[in-house]
Amino acid sequence: MAAKPAIIALFDVDGTLTAPRKEVTPEMLKFMKELRKVVPVGVVGGSDLTKISEQLGKTVINDYDYVFAENGLVAYKDGAEVAIMSLKKLLGEEKLKEFINFTLKYIAELDIPIKRGTFIEFRNGMINVSPIGRNCSQEERDEFEKYDKIQKVRSTMVSVLREKFGHFNLTFSIGGQISFDVFPRGWDKTYSLRYLEDFNEIHFFGDKTFEGGNDYEIFASERTVGHTVTSPEDTMKQCTEIFLTKKE
């Protein structure tokens, strides 16, 4: 019997393997292929598999040893689905409607420069909330991100929702440029770690590793060795130093 693999490299998607909401570059695909020859490689994203595939390619579940969509609530190993969890089943329809109705009313009364469409996206394991609306253009995304850094639209909204729905035991996690994720406590990216029990050392790479960011919980977990990256280029640089540079 082969010895169990000791180390795995686990990556966030947006801002880590790709620029925010952009497709992966050929350079990164080639780099991941080379890295996978040295260590098992996994990806964990807040988006569903469709959106992850749009960024990392249609063969993503075969290009990595593990793919965790929706923070690991939908899990794939060696190209096959191994588990799926449902937010609807956990919360129930009445609680979901209460949360969604309040959130839409809050956004309707929000005074921001522009609004587009798809303010709430219901996923299998989470709700994604975007004050500007997810179908805005890339230029509008960039502008909202700058505006939000000054006006704190998302963090203010999260504070209101956290107070209003504290009894729902929800976690609110700001990620990307225009939105934040809402999911049951414990259903953050650390959820994916239950599928990596065979590994002694889990190196996690992410860009939103600050408290409140959607990489924070897994970055800070005692189960992982956390690495903060600033771009896909920085990810490749750090991985080269850690995994691909021969130590004397």
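For all residues, glycine too, the Cβ spot is worked out from N, Cα and C.
Of the residues proposed, Asp207, Asp234, the one Swiss-Prot records at the same Mg(2+) 1 site as Asp12, Asp14 is Asp207. In sequence order, Val43, Val44, Gly45, Lys189, Phe204, Phe205, Gly206, Asp207, Lys208, Asn214, Asp215 are the residues near Asp12 (active site, nucleophile), counting only same-chain partners six or more apart with C-beta under 8 A. Taking Cα separation as the measure, Arg134 (alpha-D-mannose 1-phosphate binding site) is nearest to Asp14 of the recorded positions Asp14, Phe219, Thr224. Cβ neighbour count for Arg123 (alpha-D-mannose 1-phosphate binding site) (all protein chains, 10 Å cutoff from its Cβ): 20. The two recorded residues, Arg123 (alpha-D-mannose 1-phosphate binding site) and Thr224 (Mg(2+) 2 binding site), have Cα atoms 26 Å apart. Around Ser179 (alpha-D-mannose 1-phosphate binding site), taking its Cβ as the centre, 25 other Cβ atoms fall within 10 Å, counting all chains.
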